[in-house]
Amino acid sequence: FASLVMYLLAEFDDAANLLAANPDATTISIDEPVEIHKNQHGRLQEPGREEDDELLGTDDSDKTELLAGQKKSAPFWTFEYYQTFFDVDTYQVLDRIKGSVFPVPGKNFVRLYIRSNPDLYGPFWICATLVFTIAVSGNLSNFFIHLGKPTYHYVPEFRKVSIAATTIYAYAWLVPLALWGFLMWRNSKVMNIVSYSFLEIVCVYGYSLFIYIPTAILWIIPEKVVRWVLVMFSLCLSGSVLVMTFWPAVRDDNRRIALATLGTIVLLHALLAVGCLAYFFDAPELDFPAPIIPAHNGTTVITKSQ
């Protein structure tokens, strides 16, 4: 016992010497684990609060985002600032595409896939791929519809690329901007409104458009019934992603405003799909001029084109 006491006194003297040499050294109190345990116990008493905190943005999440912003802070005119928006790997992009194609009821797309690392890589290339898919498929569809007609001469319509690009990129950026502004305005009136950043909303809209890429390829089939069935199927999948994502953002608001917001989101999404189908694939039949066939006696004969 005497040796144990001597050992403890020696350790105490060493600690005192270290503190004397470095007065700014950090010390740990034995009472701190008890306080931490109490805090953890208090959080465990509120089941389901973690998901609400993550969506609503509590003080802890705000501090985390603030620290993350301090680590990544860079002037917006530098390449490093925009590089953070494309800092994703192939597996993350594929997971987000799967989540947008196969929505899970009751699961929030932002919380599961986006909030940890929102990106612009996937939305940018999904929109670019959709632009060329719609333009090329629209030209092929027009070619197959008029194939075999002697008066038809195929001419590629390159203007469809610019029209598709303007329409899709305007939808993928302006609609999220308007929705973000509306949610920010409602958040100032209803404190329980879920806080989504502009980048997160753009990310959701960009990935929700992926389902229209295979749909646009199948729109080449010259059957209106098949095309409209594909439109409804794609609209149900992508629209459900948007509804399940933004319903938590408006459910605590006025009932009419919440339903009107979701109705507007679905309506604009449907107008994009129906508008692309009607303009690029269901264009009206061209009225080709009748060919003029010269007769043997010097007169000309105009044949009627069917």
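Quick reminder: no glycine exception, Cβ is built from N, Cα and C everywhere.
Curation plays no part in TrEMBL annotations; they are all automatic predictions.
What TrEMBL records for this protein:
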- 39-48: compositional bias 'Basic and acidic residues' (COMPBIAS)
- 49-59: compositional bias 'Acidic residues' (COMPBIAS)
- 101-273: domain 'Yip1' (DOMAIN)
- 39-60: region 'Disordered' (REGION)
- 120-141: transmembrane segment (TRANSMEM)
- 161-185: transmembrane segment (TRANSMEM)
- 197-222: transmembrane segment (TRANSMEM)
- 228-250: transmembrane segment (TRANSMEM)
- 257-281: transmembrane segment (TRANSMEM)
* Give residue numbers and ranges for long-range contacts of the transmembrane segment (120-141): same chain, 6 or more residues beyond its ends, CB-CB under 8 A. => 85-86, 88, 93, 96-97, 156-157, 160-161, 164-165, 168-169, 172, 199, 202-203, 205-207, 209-210, 212-213, 216-217, 219-220, 222, 276, 280-281
* **Non-local residues, at least 6 beyond the ends, that sit with Cβ under 8 Å of the transmembrane segment (257-281)** => 134-135, 137-138, 141, 160, 163-164, 167-168, 171, 175, 179, 182, 186, 208, 212, 216, 219, 227-228, 231, 234-235, 238-239, 242-243, 246-247, 250-251
* For the transmembrane segment (161-185), find every same-chain residue at least 6 residues outside the stretch whose CB is under 8 Å from a CB in it, and list them. => 123, 127, 130-132, 134-135, 193-198, 201-202, 204-206, 209, 246, 249-250, 261, 265, 268, 272, 275-276, 279-280
* Across the whole of the domain 'Yip1' (101-273), what does the mean pLDDT come to? Round it, please. => 89
